[in-house]
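According to TrEMBL, the features are:
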REPEAT    144-176  repeat 'ANK'
REPEAT    177-209  repeat 'ANK'
REPEAT    245-277  repeat 'ANK'
REPEAT    281-310  repeat 'ANK'
REPEAT    311-343  repeat 'ANK'
REPEAT    343-371  repeat 'ANK'
REPEAT    375-407  repeat 'ANK'
REPEAT    442-474  repeat 'ANK'
REPEAT    510-535  repeat 'ANK'
REPEAT    544-569  repeat 'ANK'
REPEAT    578-602  repeat 'ANK'
REGION    640-745  region 'Disordered'
COMPBIAS  663-715  compositional bias 'Acidic residues'
COMPBIAS  723-733  compositional bias 'Acidic residues'
COMPBIAS  734-744  compositional bias 'Basic and acidic residues'
Amino acid sequence: MAMFDEEHEPRGPQPSADHNVYYLGNIQSHNVVIAGLHKAGNSSAATAVAQMMITFPNLKFGLLVGIGGGVPVKTDNGRIRLGDVVVSKPTGEHSGAVQYDHGKAETGRFRSTGILAPPPRVLLNAALDLEARQEKLNGKDAPRDVTALHLAAYFGLRETITALLKMGNDPDSRDTAGRTPLSVAIGAGQEAVVKLLLENGAKNNFRDEELDTDIKGHRSMVADVIRQFYRLGNKVASIPESRDCKQTPLLHAIELGNGPIVRLLLEHGADKNIRDYIYGTPLIRATEKKHEERVRILLENGVDLEIKDVNGRTPLLQAVIAQHQPIVELLLKHRADTECENEGRTPLLHAVIAQHQPIVELLLKCKADIEFGFEGYRAIFWAMNFGNETLVKLLIENNADLEAREKKFSYTPSILAKCFGNVGMVRLLPSQGAAIEAKDGTGNTSLWHAANLGHEEMAELLLSQGAEINSAEQMGFSPLVVAAFRGRGAVVKVLLAQDDVDADFEASDYMMTPLLAAASQGHKQVVEMLLATGAVDVNYKGFSGMTPLMAAAMGGHEQIVELLLAKSAVNPNRESDTGQTALSLAAQKGHEAVVKLLLAKGYVDLNSRDREYRTPLFWAVKMGHVVVTELLLSNDGVHPDLKDKNGRTPLSLAVSQDGSGTYEEEEEEEEEEEEEEEEEEEENEDEDKDEATDDDEDMGGKDTDDEDMDDYDDESSYHTEYSSEEDEEEDRYSEEKADKNAEQRRKKISEALDIVKLLLGNGSVDLNSKDDYGRTPLCWASKTGYQGAVELLLAKENIELDVADNTGRTPLAWARENEHGEIVRLLQERFISS
């Protein structure tokens, strides 16, 4: 039981068939049950195990512990002592340990008459692992050279100790682990022995080599065996290694929580401020362990309250972080420094972050600095961040600065509270002098934040307190503009209910009104509320010359387009900065429902032309929108042959589509740019070669070492092998992407041909129109190689076959030049037939 880290209370009543007596506890993270045998022998052992399994059916491992009769006193690994763990190991003809009743003595020797089954493989593997580790450690872990004085101290034998000391035994003798009898007595909780040793001159301030008690070696060994079981069974056991930091008797007593021994050591001159390089001083250790009594004893003995541990924390910081109010009170009573800080946080900040009101009150009573905060983020900011009204009120009552600003966003406590939408906290602020119009670093007021985040109740409160409703931030957005843009309907309703609101406020930097903002983002409810005011300009031209109707049409917001078209004042034919109308934008984006709504209005210009002379039909064809093209062509008012700035008609464009949304003219421009770039690269490469030649001459023309090249080859080979899996994954991704792109391309080519069919099906389309290059639709189709378009054109009786363009090339010449063999055949057959 001495090996237990912690002893557990007995369980409830045992089953009637179980007559064992159990001791429960844990060794590190493992629950352990111990049962004793009422007598030796196989039968009693088997009975005890069987009964144990009734009460504890979930036991995973069992260890038979006892004094092995006949086990040799010396082995290759040293002498066997009480407490050592002996693992049976197969040797020669024997499977392991020989049981005493499986053999007999004959003429002074032992003859085996039976053998036990070998130990399980997992235990043998664990034993091999432990053996290897033991060899590596050279036997340093197991304590040796334990004197009689050590043993007497451990068992509390005062008379024996007195006799041993009189016989001249050294009270400071050490075992191989560096422990003295005093250390052993402290670990065993032998207060009387500690006093006796101190009175007989035992040193008080030495450091042990180890932290744990005398049974540490045996306890670690058992934990190690358990850990090996888990490891070899592919399970993980979190058993920490034994700590290897040195400590004094006082630190040892503090950790064990033995108050009387702590007093004894201090009375006999123990260094009360001695540093443990991991755990700090005795006071830090006691605080960390939440040992209130030990803290009080140390404080009464005048310890230094401000020594920090390796993490830079004082005992007060430790106590606050641990939220241990009694120890905080003790430390503050002894005038611990409330301004100590670690990583930008004082005890007060830690207490507020933990929302521990009693500790906050204690610190404030001791005049803790209420305005300290890393990057200006003070205690009141943290309290507001957590929405803790009680702490906010407490800090305000202690004169927290409500105009202070944190550094990142330049928020004041007032602005921050309103950003969080906590009305309860905001109600605390005006009477304390918080400015209602305070702005953050970007010029945003509290009302602007409430509108932006949709805090309706907060907006009402701020307006009732006199907040300026039309104040704009640095980019010109008023609270109403930002609320409309975000679609905060409830806040928009609150703002529009105010008499002094500017419903048509213009955000100058972005050229945006509330109506334009709501229409562009598709917020129907907000648009309805704004239109209902009658105070908004429905034809306002904002960013890029866009009106609310254009923005809604381009975004495909059908219901908003319908709302706006219902207003007689709305002009659907207004043009953007690029000359596009609402119909042109809807056709470009392929919004079928919006196109239908606009076509239903008899006064919409069906043939409007933008700055490039492109009509809505031209845009629909260019972008490959089949349904929109059909909708436009079904309207008698649409002129299908209107040309763009290059003289091309929608049909001319349609037959030159390559399936990706570009057409031949653009490809020619791109090819010219690419040729120019290639020429520049070739010139740069020539220059680099010249420079390299010069460098070689300077170096004497020396070639690269063959060995260096071999190293490079090896490196390249290794890199290729290492990254092969990654390359395979990239290849799979590339193949999938290529398949997807190919499918999309096939779809677009198919749609392009559908559009050609729609245009050719319109009786008024000019089949032989010429553009500024002198090319007809057939010329374009032959040049680009779109066989389907060529077939459709050749099926028309009035198609002209031999029209030459400005370069003198006919459709047949283009097809031959670009090696479109099937198109050449089709054109020749048509020549013959005609």
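Counting begins at 1 with the first residue displayed.
Cβ atoms are placed via backbone N, Cα and C, with glycine included.
Automatic prediction, not curation, is the source of TrEMBL annotations.
Contact counts against the repeat 'ANK' (245-277), taken as Cβ pairs under 8 Å, peak for 177-209 among the stretches 177-209, 510-535, 578-602. Counting residues 6+ beyond its ends, the repeat 'ANK' (144-176) has Cβ neighbours under 8 Å at 182, 184-185, 187-188, 190, 192-193, 196-197, 200-203, 206, 214 in the same chain.
Taken residue by residue, the repeat 'ANK' (144-176) breaks down under DSSP into 17 helix, 0 strand, 16 coil. Sequence-distant neighbours of the repeat 'ANK' (442-474) (same chain, 6+ residues past either end, Cβ-Cβ under 8 Å): 409, 414-415, 418-419, 421, 423, 426-427, 430, 436, 480, 482-483, 486, 488, 490-491, 494-495, 498, 500-502, 505, 507. Counting residues 6+ beyond its ends, the repeat 'ANK' (578-602) has Cβ neighbours under 8 Å at 544-545, 547, 549-550, 552-554, 556-558, 561-562, 565, 572, 608-612, 614-617, 619-620, 622-623, 625, 627-628, 631-632, 635 in the same chain.
Secondary structure of the repeat 'ANK' (177-209) per DSSP (helix as H, G, I; strand as E, B; remaining residues coil): 16 helix, 0 strand, 17 coil.
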